[in-house]
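Contents: one structure, followed by commentary.
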Amino acid sequence: MTVNDVLITHILFHPTGAIFEQNAIRDDEVFQLAISDLSLNDDILQSERITHSIKLIEPNNPFQAVQEACELMNQGILALVSSTGCAAANALQSLTDAMHIPHLFIQRNGDGTPRAECQLNPSPDGERYTLAARPPVRLNDVMITLVSELRWQKFIVFYDSEYDVRGLRGFLDQASRMGLDVSLQQVDRNVTKVFSTLFSTMRMEELNHYRDTLRRAILLLSPRTAQVFIHQAVETNLASKDSHWVYANEEVSDTEIMELVHSALGRMTVIRQIFPLWRDTNIRCIRNNHRISSLLCDPQEGYLQSLEVSSLYLYDSVLMLANAFYRKLEDRKWHSMASLNCMRKSTKPWNGGWSMLDTIQKGRISGLTGLMDFRSNGANSHVQFEILGTSYSETFGKDVKRLATWDSDRGLNGSLRENRAEHGMQGITLKVVTLLEEPFVMVAENILGQPKRYKGFSIDVLDALAKILGFKYEMYQVADGKYGSPQANGSWNGMIGELIGKRADVAISAITITPERENVVDFSKRYLDYSVGILMTKTEERLNIFSLLAPFDLAVWACIAAAIPVVGVMVFLLRRVQSVRTQNPPGPHQPAPVTTSFQSAIWIVYGAFVQQGGESFMSSMALRIAMGSWWLFTLIVCSSYTANLAAYLTVSRMDNAVRTFQDLSKQTELSYGTVRDSAVFEYFRVKGTNPLEQDSTFAELWRTINKNQGQDNSVTSPAEGIRKVKRDPYAFLWDMAVLEYAALTDDDCTLVVTGNSMSSKGYGLALQHGSPYRDLFSQKILDLQEKGDLDILKQKWWPRKGRCDLDKHAEPQPEGRALRLHSFAGVFCILAAGLLLACLVAALESWWNGPRCQRAQPKEDKEVNLEQVHQRLSGLMEDDLAHTQLPGQSLEISALDMGSMRPQQSSQEAMRDFPPGGLSVTSFLQEGPGVGRVPGRSLPLPLSSSTLPPSMRCKHRAPNGGLFRQSPVKTPMPISYQAVPGGPIPEAIDPSHGTSI
């Protein structure tokens, strides 16, 4: 078995049958497009595939429909999808009820005539397997609501000859109970003949009465028939400028509406069915993570406009079946499918049909038509209509706008009454609902007993409009403290709910204009731009006085520190080897060998590392190679350090604080959130759950914001969010304008605002749907913007130089900034440490080389025999001191010490291993008669101060100054001597004389 065979065995196929009418060419395309989308996406069916078999029948041919359905059942199907007329639907219902095959039926009306609800046959055993995917006709409910809102008492209904007048039964019953005078008249395809018959059969009085009846009319015609009818009425002078006609049809395009409006003479109102269209292009083609083909969800493709309403419900029916198939497999309640022969009486129905039907009925999907489910008596009840219209004006018939909406859950939303407010609003008092939000709306200082007064930016805008238009207003606060968001039952809370419930005329605060809100209320032009910002506390600047060590890691610094003594030892050893080779005394033209101690080698290596040079001692090739390698090493290290330091200082100038949403999503130190059930909360939900979003930033933001259903990180009000920022490590996501005001007026100036200030949204005044004041407000707001009045008001509430300066914490300028002292303090610390260490070492050296071994000196000079001195010095030359070099420092020797020296051999032999510098014996005897220099020779003594006995290393001075010394000031005068046999030296006997060596 191959790999492909294994994969095929794990794929489960779901056979599905479909029956369409031959003239519905789009139904076939849409059905196959839906199956193709399911195959390309694994969001609903992972390892399953839907196989389909399509049968085409003649329009509304019930016999052919049953025959094709039997053929499909013989092949084996799990469900049947059909898009036909009422006659074929009744026949298919009887067959599917008998065979227990789930049947999703979409009523189709291909000739453009308004749809009348199909009256399906009741099931004999009560088990109805046919589900109406297209909602029942609700035009009657919309028309009776519209008539009541317009307060019509008398009107006429024109219906198409193809229209099933039985569909008006419910409408007429309700109109009769309301006491309305309703007339009915059928319109043939030949509309011209209708009007010619009127003029030929009616007298002038009857025509005038008929003309008065035509002032209020409802047209249940196809778009083409309605256009011809309106044109003929205008041409025959039966329509007047004060007439008001209502055209009702579920399927009418924008082009057809404009043609009707331009043909009409008076006021025109149009009722049509609408479907949710997402304005955000990123999520427009996504329904419950299912990717829909752009042909069906993007209006710019042009394909969507060519589809009938039945085709849209057909696509959603396929999604509903796929959802049911997946849940059946997930619940492990799958029943095998067997072929059914509906022509045999002995054929038993499918035993898994009821289980499959129950699974479909319990499902719910969101598709092209919105929500779809069959929980209401086996029919999809979700439907929405919009009411468009024109008004009395010089531009009548040309300005078409949405007046209201109607849906099956909430009914009418908006006002249809004719309110003309074209120039002013003098004498009008508006009911205004608001919500406290600094600095838009705040409570002013109120006087006891007086109505509550408000102040703020939005209040200033409202006062400016009231001054221009001449209206007055009464303001109250919304009870639940919310701006407005849709609830699970379809209603709205907050200020939007107040407008929908007609408890307020205007809502004003920091309310943003969103597509969802515009579907239920009207908005004026924006008076302030809107964007989402991030409020945080200012990040404390971290002090690191040793930031100059940051370019290298600690391990690199340790290796560099270890390399200096290692190379120093290497240089010391190489110098030692060089010294051994040059032990012989240098010739007269040969340079004296230079010896290097270990300390000197370390000092030279360190000097080369810091690029300060050193002594030139590289006389051998080995030392040159060693030091050349070290110099190359130091060059690379210093160059790398310089480059890394420059890069580090450049990067460190940019604060590591959060500045964008990307930065916020990547950090883990701050928690963040927003106000629950707000426009910002919904914004992050939509962006974070959009599978087409390439950047994972918003997905991560939404996970944190919605943690534990928003209970952990999100708050209930903006004021709570601002307090939480001051109290905890928290970032608050909210309107940029509100956050900037909070940062400007903060007592401690510890708040900072970041985020993107560019946005396509704004703040506006919310009004009731269809409010006559919307255009006036929008026009005056534009005038205020053009005059600069709004900029003045904005500067009043958002001064750039307020109590706190927002510009001070703006992003760094491109030219950068200077290094601060705390960043460079490490260098000064190193310098200070070096200076302190130098002072400490100097003190230790002074202590070590000081007079540590002084002893008591005799009060008078001792007499010494020079012969004994000579013998003692000659003996010392032959001792182990011969290998020690005598330094050039001053050496003072007491004459008493000289007296204890042993006589040795000739001193000249002992000086062969020492340099010429030596010790001379000089006498500073008092000159007098008989006193002179003793003949003899100089005594060079190669002695080292470190090898002398303690008594010779220390200075011993007699009270009269007599001592032995080598003076650095006077040139020593050598004296010769001869041995005097027996007896002391005469000059030495006199205690007034001293001898110096």
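Here, residue 1 is simply the first one shown, and the rest follow in order.
Each residue, glycine too, has its Cβ placed from N, Cα and C.
Some features that TrEMBL has for this protein:
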- THR512, ARG517, ASP735: L-glutamate binding site (BINDING)
- 938-951: compositional bias 'Low complexity' (COMPBIAS)
- CYS70-CYS342: disulfide bond (DISULFID)
- CYS749-CYS804: disulfide bond (DISULFID)
- 429-800: domain 'Ionotropic glutamate receptor C-terminal' (DOMAIN)
- 925-953: region 'Disordered' (REGION)
- VAL658: site 'Crucial to convey clamshell closure to channel opening' (SITE)
- ARG685: site 'Interaction with the cone snail toxin Con-ikot-ikot' (SITE)
- 554-574: transmembrane segment (TRANSMEM)
- 630-651: transmembrane segment (TRANSMEM)
- 824-848: transmembrane segment (TRANSMEM)
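Annotated L-glutamate site THR512, ARG517, ASP735; additional same-chain residues within 8 Å of its Cβ mean position, judged by their own Cβ, are TYR483, ALA510, ILE511, ILE513, THR514, TYR530, SER678, ALA679, VAL680, LYS761, TYR763.
Across the structure, ARG517 (L-glutamate binding site) and VAL658 (site 'Crucial to convey clamshell closure to channel opening') are spaced 32 Å apart at their Cα atoms. Sequence-distant contacts (6 or more apart, same chain, Cβ under 8 Å) of CYS804 (disulfide bond) comprise ALA743, LEU744, THR745, ASP746, CYS749, LEU751. In sequence order, ALA69, CYS70, MET73, ASN74, LEU95, ALA98, MET99 make up the list of same-chain residues 6 or more apart from CYS342 (disulfide bond) whose Cβ falls under 8 Å from its Cβ. When Cβ neighbours within 10 Å are tallied across all protein chains shown, the highest count among the recorded positions CYS70, VAL658, CYS749 belongs to VAL658. Neighbour counts were taken as the number of other C-beta atoms within 10 angstroms of each residue's C-beta; across the recorded positions ARG517, ARG685, the minimum falls on ARG685. For the binding site of L-glutamate, formed by THR512, ARG517, ASP735 according to the record, the largest Cα to Cα distance is 17 Å, rounded to a whole number. Comparing Cβ neighbour counts within 10 Å across the binding-site residues THR512, ASP735, the minimum falls on THR512. If you take the Cα of ASP735 (L-glutamate binding site) and the Cα of VAL658 (site 'Crucial to convey clamshell closure to channel opening'), they are about 17 angstrom apart, rounded to a whole number. ARG685 (site 'Interaction with the cone snail toxin Con-ikot-ikot') sits 16 Å from THR512 (L-glutamate binding site), counting Cα to Cα. If you measure from the Cα atom of VAL658 (site 'Crucial to convey clamshell closure to channel opening') to that of THR512 (L-glutamate binding site), you get 25 Å.
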